[in-house]
Amino acid sequence: MGSAMEPPGSAYLHLGAVTSPVGTARVLQLAFGCTTFSLVAHRGSFTGVQGTFCMAAWGFCFAVSALVVACEFTRLHSCLRLSWGNFTAAFAMLATLLCATAAVLYPLYFARRECPPEPAGCAARDFRLAASVFAGLLFLAYAVEVALTRARPGQVTSYMATVSGLLKIVQAFVACIIFGALAHDSRYGRYVATQWCVAVYSLCFLATVAVVALSVMGHTGGLGCPFDRLVVVYTFLAVLLYLSAAVIWPVFCFDPKYGEPKRPPDCVRGSCPWDSQLVVAIFTYVNLLLYVVDLAYSQRIRFVPSL
């Protein structure tokens, strides 16, 4: 008797999960990911916040990629109560961003041409350079998956595979960078106006995460209102909110009446509130642009929540 999961007589294992273009990209992700964090763990070193972030990013991406390949290969993903297409598309975009960040941070903080002092010596330098190369290859492998699975014009697909869905992941990622800068002595509590900006970042972040979560869980059809219309309305409101923050934050941080127009000379690099305020300002404009592009794309998407 045939299983409810698969048509009668179908094979239990799905070879296309590892032989298709997307499957090949995922196998390369596992190979490059395992190689990268093995090199770093063996002799490459990952001390400090930056090294810990890189190892956490590579470990997380490897673990989830292994789960995706295992579920695809054994066809167990049909047993999961989530939209598999939305889940894999969202994860691929998130992994691309994480690995891109790690591929920049690790060489920047750990890879040097000169050899470290003994006992590490030149062997440690070589391991770090090799890890940096494989970190770049890992980023490319995830970027290739995003490119292969991204929805084409006129194609009916899952929401997270559309440009609008992928932008949601980028928006949430940029918001996390903003929160990190805010927490690093940005002095946002000095004025009600800057507190309003923090409220804008938080509200838009939570709404974006809610859109992604509803899509991944496959619950977009039970909202009592067309999901695509809700997305357009929310994105329009997010544009207006970020536009207000893009005006208010620079005024209250860099205008001479409220803040410092230039970096104070006595401000220590790495622990300077002005630097954190600048990072927030830059990524506020980045997210504003992302929401504007998202609004343009979200008005012409076609997707199926259950894919």
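Glycine is no exception: its Cβ is also placed from the backbone N, Cα and C atoms.
Curation does not apply to TrEMBL; its annotations are automatic.
Pulled from TrEMBL:
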| type | residues | note |
| --- | --- | --- |
| DOMAIN | 17-154 | domain 'MARVEL' |
| DOMAIN | 159-303 | domain 'MARVEL' |
| TRANSMEM | 55-74 | transmembrane segment |
| TRANSMEM | 86-109 | transmembrane segment |
| TRANSMEM | 129-148 | transmembrane segment |
| TRANSMEM | 160-181 | transmembrane segment |
| TRANSMEM | 193-218 | transmembrane segment |
| TRANSMEM | 230-252 | transmembrane segment |
| TRANSMEM | 278-297 | transmembrane segment |
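Of the candidate ranges 55-74, 86-109, 129-148, 160-181, 193-218, 160-181 has the most C-beta pairs within less than 8 angstroms of the transmembrane segment (278-297). The stretch from 55-74, 86-109, 193-218, 230-252 with the most CB pairs below 8 A to the transmembrane segment (160-181) is 193-218.
Remark: the transmembrane segment (86-109) makes no contact with the transmembrane segment (230-252), by the rule of 3 or more CB pairs under 8 A. Contact counts against the transmembrane segment (230-252), taken as Cβ pairs under 8 Å, peak for 193-218 among the stretches 55-74, 129-148, 193-218.
Same-chain neighbours of the transmembrane segment (193-218): 81-83, 86-87, 90, 158-160, 165, 168-169, 171-172, 175-176, 178-179, 182, 187, 227, 231, 234, 238, 241-242, 244-245, 248-249, 251-253, 280, 284, 287, 291, 305-306, counting only residues six or more beyond its ends whose CB sits under 8 Å from a CB of the stretch.
Beyond the ends of the transmembrane segment (55-74), by six or more residues, the same chain brings 12-15, 17-18, 23, 26-27, 29-30, 33-34, 36-37, 40-41, 46, 80, 84, 88, 91, 95, 98-99, 101-102, 135, 138, 142 to within a C-beta distance below 8 angstroms of the stretch. Restricting the average to the domain 'MARVEL' (17-154) gives a pLDDT of 88. Across the domain 'MARVEL' (159-303), DSSP helix (H, G, I), strand (E, B) and coil residues number 110 helix, 1 strand, 34 coil.
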